[in-house]
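Below: the structure, in structure tokens.
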Amino acid sequence: MPTPSMEDYIEKIYSLIETKGYARVSDIADELFVHPSSVTKMVQKLDKDEYLIYEKYRGLILTPKGTQMGKRLLERHALLESFLSIIGVDSSHIYHDVEGIEHHLSWNSIDRIGNVVQFFENHPDALEALKAMETTKPETNE
């Protein structure tokens with residue numbers, strides 16, 4: 001299993017390839033706010049663990065294993081954003097909160113959260129009842 005840091009890189013590489021068609025070391029560094037040398041070290045580790053194929057000065061491509069993992073990680077991120085939005089978390093906090101929790105949940109927990117999201121998507125009346133509960137409680141600034 002990849003470490004949380006490896007997951008961040010795989011997710012970002014997958015996202016870049018999906019949007020731009022490629023992922024360069026400099027693009028990854030810019031997106032993750034790290035030095036290119038840090039990206040190179042991680043890319044070499046991901047190559048060794050068969051998540052991608054990296055050739056110095058030529059770029060990188062995700063292996064089927066890396067593509068599958070990247071897709072799953074991006075879906076996990078989107079699901080958690082949806083969940084936090086549904087339960088009424090302020091949109092200015094959602095990205096940061098997802099980044100803080102996504103690596104600490106089991107895939108079983110992610111699947112259960114997916115069930116909750118799907119339930120509220122299929123039952124708008126229940127979603128309205130949830131939102132009504134939120135408007136009756138005082139807001140905190142934490």
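Each Cβ is built from the backbone N, Cα and C atoms, and glycine gets one as well.
Copied over from Swiss-Prot, here are the features:
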type    : residues            : note
DOMAIN  : 1-63                : domain 'HTH dtxR-type'
BINDING : D8, E99, E102, H103 : Mn(2+) 1 binding site
BINDING : E11, H77, E99, E102 : Mn(2+) 2 binding site
Counted with DSSP (H/G/I as helix, E/B as strand, rest coil), the domain 'HTH dtxR-type' (1-63) has 38 helix, 8 strand, 17 coil
Rounded to a whole number of Å, the separation of the Cα atoms of H77 (Mn(2+) 2 binding site) and E102 (Mn(2+) 1 binding site) comes to 7
Cβ neighbour count within 10 Å, max among the binding-site residues H77, H103, goes to H77
Note on Mn(2+) 2: the CB centroid of E11, H77, E99, E102 has further same-chain residues inside 8 Å, namely E7, D8, L73, R76, L80, V98, H103
Residues sitting within 8 A of the centre of the D8, E99, E102, H103 CB atoms (Mn(2+) 1 site), not counting those, run P4, E7, E11, H77, V98, G100, I101
The number of other Cβ atoms within 10 Å of the Cβ of E102 (Mn(2+) 1 binding site), counted over all protein chains shown, is 19
CB neighbours within 10 A of E99 (Mn(2+) 1 binding site), counting all protein chains shown, number 13
E11 (Mn(2+) 2 binding site) sits from E99 (Mn(2+) 1 binding site) (Cα to Cα, rounded, in Å) at a distance of 12
Quick note, H103 (Mn(2+) 1 binding site) and E11 (Mn(2+) 2 binding site): C-alpha atoms separated, nearest Å, by 12
Whole-number mean pLDDT, the domain 'HTH dtxR-type' (1-63), equals 95
